[in-house]
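Visitor: What follows is a single structure, and I will ask about it in a moment.
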Amino acid sequence: MATQQQQSAIKGAKVLMVGAGGIGCELLKTLALSGFEDIHIIDMDTIEVSNLNRQFLFRRSHVGQSKAKVARDAVLRFRPNINIRSYHANVKNPEFDVDFFKQFDVVLNGLDNLDARRHVNRLCLAADVPLVESGTTGFLGQVTVHIKGKTECYECQTKPAPKTYPVCTITSTPTKFVHCIVWAKDLLFAKLFGDKNQDNDLNVRSNNSASSSKETEDVFERSEDEDIEQYGRKIYDHVFGSNIEAALSNEETWKNRRRPRPIYSKDVLPESLTQQNGSTQNCSVTDGDLMVSAMPSLGLKNPQELWGLTQNSLVFIEALKLFFAKRKKEIGHLTFDKDDQLAVEFVTAAANIRAESFGIPLHSLFEAKGIAGNIVHAVATTNAIIAGLIVIEAIKVLKKDVDKFRMTYCLEHPSKKLLLMPIEPYEPNPACYVCSETPLVLEINTRKSKLRDLVDKIVKTKLGMNLPLIMHGNSLLYEVGDDLDDIMVANYNANLEKYLSELPSPILNGSILTVEDLQQELSCKINVKHREEFDEEKEPEGMVLSGWTPSPATNGESASTSNNENPVDVTESSSGSEPASKKRRLSETEASNHKKETENVESEDDDIMEVENPMMVSKKKIRVE
């Protein structure tokens, strides 16, 4: 039972929830049942069928409706006397500015992406409102508390970047099934059904390099009178046969690698598929383009069944035929969507055929969809646990029990007989460019990089700024806003196409830039360091941004090492300044166990985000209760 002080804090609180998905549904229910009476919810998503297995406030009749609104209506049915206001909108919209955030006593995040998390973190810092952050992935989860000036902000520690793979591995020497998925999704699917003008490595896989461009152009271009099945076989033979033959011509590549096997349709498929499979006009199609499927006409029902080479080849041709027969208007601007059944079938089949060629184990449709959609399947119980922990921390925040704040990690396997590991929040990182004034360092070729590269790759993508303003000294080089006149917009657009060294106020080695986002009320400095060359594989963007100061070395260890195999100092004191004799080091075996729990957590579904592991943050004092 809550104490009178807790009840008073709860009833008088105005709470903002961001996200009404897996965590959000559990959180809204728990807030309402805990006595909170003034709750606001922001979520831009609509309900999908795949949400229904864990987002329990939704029913099939709600599919297509606003998550925030339906969640509000569902909770009001059993707590009709409380105030819940829903916003079906993007939290990054201008109306949700610093003044909007200032009206709340605490903000609770149940988001599914890094960009929105960073945005909310910055608004909370600017508004000086406490933030309780959360995330789940499978059985793992976390809840962290962020108070301006007292604990680290959400961005004080670098977050794991999405897993990427070298282009040469994807196009030429795949060794894992995920390489085949990326090839099928980002190269082949995009080439066949996406923007026809885009360049990708499928354009240059030919025995005759002098004519490769023309030959490849002809392969992917379907003539008006060309039969769909003939076109499909032509694509099949090119990407799984001719391209592999071309790759094999480079003997040096295969000296220490397993040689792939070219696969041609005539060796796998019957001479004609029409009589065997029937016309595409008779294929089983359910309501909605995203549910068109090649499987029913081929007698395939179980998505967890492993298809052989012939079945994958049949699905490949049938899916391609269905795209042209049923969804022709979409071809030319399609992008892969994990909820698009036909797209998933095509990518699965293509990836499996390529895997067969390179001697890589095949995967089922169910497994391939998880990889292609970066899905780690959600666990409803984990969401419920995390939602409960969010409310516990929110109550502490409202009572201002600073000494009792905890960052809590939900583990898949017991550690010291615990599945929940609470630790004290860390202090603000003095090297954080968001909540401190530490400048960043940008290595870039100022003579070959344009201002557009800086804006798109650094300011917007890495720094997460929505409405950036860039100044060099007293010169305003770039600005975004609705209040700009046509002349200003034209000048800024002209600047975007200029090389950094040729701007009105040239950016050279040693230049210091001021970058601001007025919506987030965030400002930071960037020190520019000119650099001539970059490694195309390791540094494909042609620039490197850094600015994190390594933690001080302790116990004679290098300050630059920070991985989950290093031992972690554990102390029973909250002061963080205990002498080394009172610290207890985690054994390497125990640290390794925690590594195994989290090393495969690279992906997310609609209510998942990266999960930090307390055992992965080196050189920090941890208090375990």
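Just so it is clear, glycine is given a Cβ too, placed from its N, Cα and C backbone atoms.
Here's the feature list from TrEMBL:
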- 19-24, Asp43, 51-54, Lys67, 112-117: ATP binding site (BINDING)
- Cys168: active site, glycyl thioester intermediate (ACT_SITE)
- 200-224: region 'Disordered' (REGION)
- 442-534: domain 'Ubiquitin/SUMO-activating enzyme ubiquitin-like' (DOMAIN)
- 532-625: region 'Disordered' (REGION)
Visitor: Across all the protein chains here, work out how many other Cβ atoms are within 10 Å of the Cβ of Asp115 (ATP binding site).
Guide: 13
Visitor: Counting each residue once, how many in the domain 'Ubiquitin/SUMO-activating enzyme ubiquitin-like' (442-534) are helix, strand and coil under DSSP?
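Guide: So the domain 'Ubiquitin/SUMO-activating enzyme ubiquitin-like' (442-534) is made up of 24 helix, 30 strand, 39 coil.
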Visitor: Give me the CA-CA distance between Asp112 (ATP binding site) and the residue listed as 'active site, glycyl thioester intermediate', in Å, as a whole number.
Guide: 31
Visitor: Let me know how many other Cβ atoms fall within 10 Å of the Cβ of Cys168 (active site, glycyl thioester intermediate).
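Guide: That number is 12.
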Visitor: What's the number of neighbouring CB atoms sitting within 10 A of the CB on Gly22 (ATP binding site)?
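Guide: Around Gly22 (ATP binding site), other Cβ atoms within 10 Å: 28.
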Visitor: State the Cα to Cα distance, in Å, between Asp43 (ATP binding site) and Cys168 (active site, glycyl thioester intermediate), rounded to an integer.
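Guide: Computed Cα spacing between Asp43 (ATP binding site) and Cys168 (active site, glycyl thioester intermediate) is 39 Å.
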Visitor: Counting across all protein chains present, how many other Cβ atoms fall within 10 Å of the Cβ of Asn53 (ATP binding site)?
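Guide: Asn53 (ATP binding site): 11 neighbouring Cβ atoms within 10 Å.
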Visitor: Rank the binding-site residues Asp43, Asp112 by the number of other Cβ atoms within 10 Å of each Cβ, and give the residue at the low end.
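Guide: Per-residue Cβ counts within 10 Å for the binding-site residues Asp43, Asp112 bottom out at Asp112.
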Visitor: In Å, rounded, how far does the Cα of Asn53 (ATP binding site) sit from the Cα of Cys168 (active site, glycyl thioester intermediate)?
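Guide: Cα-Cα, rounded: 39 Å.
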